[in-house]
Ligand code: GDP
């Protein structure tokens, strides 16, 4: 397999192959610089020839499958979901999180498939809404985070203020790796605390030190007030912040911080180095009956995302599977634990942005795309036969609840099929009230509704619109006392729906009513998330 070529040549070659995988995502608020940084990272790792465009794999992998040709002939464009590239004997899998500001379930689920995240922060803005939301999702799984404070080439907030804000708002400890010397027009470079040296904006070492005080002997540096301020603030930061500790980082409680500029390529190589040196190997995956250790020999994986190509004539879909253990090889038969069905995986694929190639072999941490016609849904676990269910890939209680209106009543059947397909893909959730025949959809963000109506119209030829319902809150309901659950369902008959798996959901007019129900029925659990299987 071409993927392992670089790994074989490195000192890491004796390690089990999965130990060379680093699977991560970049999280940020829109405009913080995620796209620019992605391109720079790929360029720094040699995966693309120059920053500015994610062009292709340029020698990362040599064989181009006929998938590409098919894709071109059919004019399908699959948005870049995974970028796999080599760096320093490692295979890095960078998973793209959707860029729009509407927080979507897709983004959340993508974060269930990574072992680490890079959090990009605009130095002029600090923590923004979307950063906070995405960070909270990472925290649910204690994903280790590397913080990259971007745009030091511009005037921004003072480094100590930024650190203070991040620590305060995220309740996350930080520890500096690179410290900026000035910013904006006064940017002079940075102090690299790992390599113990001072580096120019162009990446050239200017001075080295054993103890940081040694730099006070360097006349050229000491003469520059910008440098002296940087040194002083660094001393304060060091006194205030914990030292780096790998275990605490891997536990998700301590984040190394780098200051840089994606646009100018400043500190990007160091970011890659930090990820390479400290980034975690594939982590055990929470599952029932027991967590899956990546070193287990049997193959397991789970679907975290399903993407249909937007070609109306071909309804095939790609399920993105994160491998959790074992060595997968092409042609293997895997069991879909949810449906109980076996499938021969004959055309698994690796991705690099829009390019893909057949995946001959893959290990824990790798992302494999499996084309299918609806047999695989988000949250499905694949195994060599064992009954294991990966956990932690929930549905979110929808925040927008709408009744679907069909203009052409002859098309009820097609609409039902469309909604069912798209709910399996995770585009929407579908509910049926126990009284009445309405189709109700629930989504987390407004954009999801737009995607839904456009896809139902384009791919199924069914024009639909949405109508407001008098509901703002949805909660799955559970109880250890089945009689109590029945009593609640009877009392609230008009406001009870079932999700696509038949699980009961309470629809409330607003948060006040939801709270009231909670108080009146203390033996019932009202859940804002529900596991998908
Ligand atoms: P995304 O929305 O997070 O993907 O952000 P982009 O990568 O598209 O960047 C948003 C804007 O910020 C673009 O105009 C970039 O050129 C600019 N930008 C990104 N990184 C830097 C940086 O380091 N310095 C400056 N001055 N601008 C940057």
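In case you wondered, yes, glycine gets a Cβ from its N, Cα and C as well.
Nobody curates TrEMBL annotations by hand; they come from automatic prediction.
Since this is a predicted model, take the numbers as computed values, not measurements.
Residues or ranges marked as domain 'Tr-type G' in TrEMBL: 19-283. Taken from TrEMBL, the feature GTP binding site covers 28-35, 96-100, 150-153.
Structure with TrEMBL features highlighted.
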residue: 28; record: GTP binding site; DSSP (3 states): strand
residue: 34; record: GTP binding site; DSSP (3 states): helix
residue: 97; record: GTP binding site; DSSP (3 states): coil
residue: 152; record: GTP binding site; DSSP (3 states): coil
Which one is it: of the binding-site residues 28, 97, which Cβ has the fewest other Cβ atoms within 10 Å in this structure?
97
Close to ligand 1, in the sense of Cβ under 6 Å, among 28, 31, 34, 97, 152 as binding-site residues, are 28, 31, 34
Sparsest Cβ surroundings (other CB atoms within 10 Å) among the binding-site residues 31, 34, 152
31
Mean pLDDT, the domain 'Tr-type G' (19-283)?
86
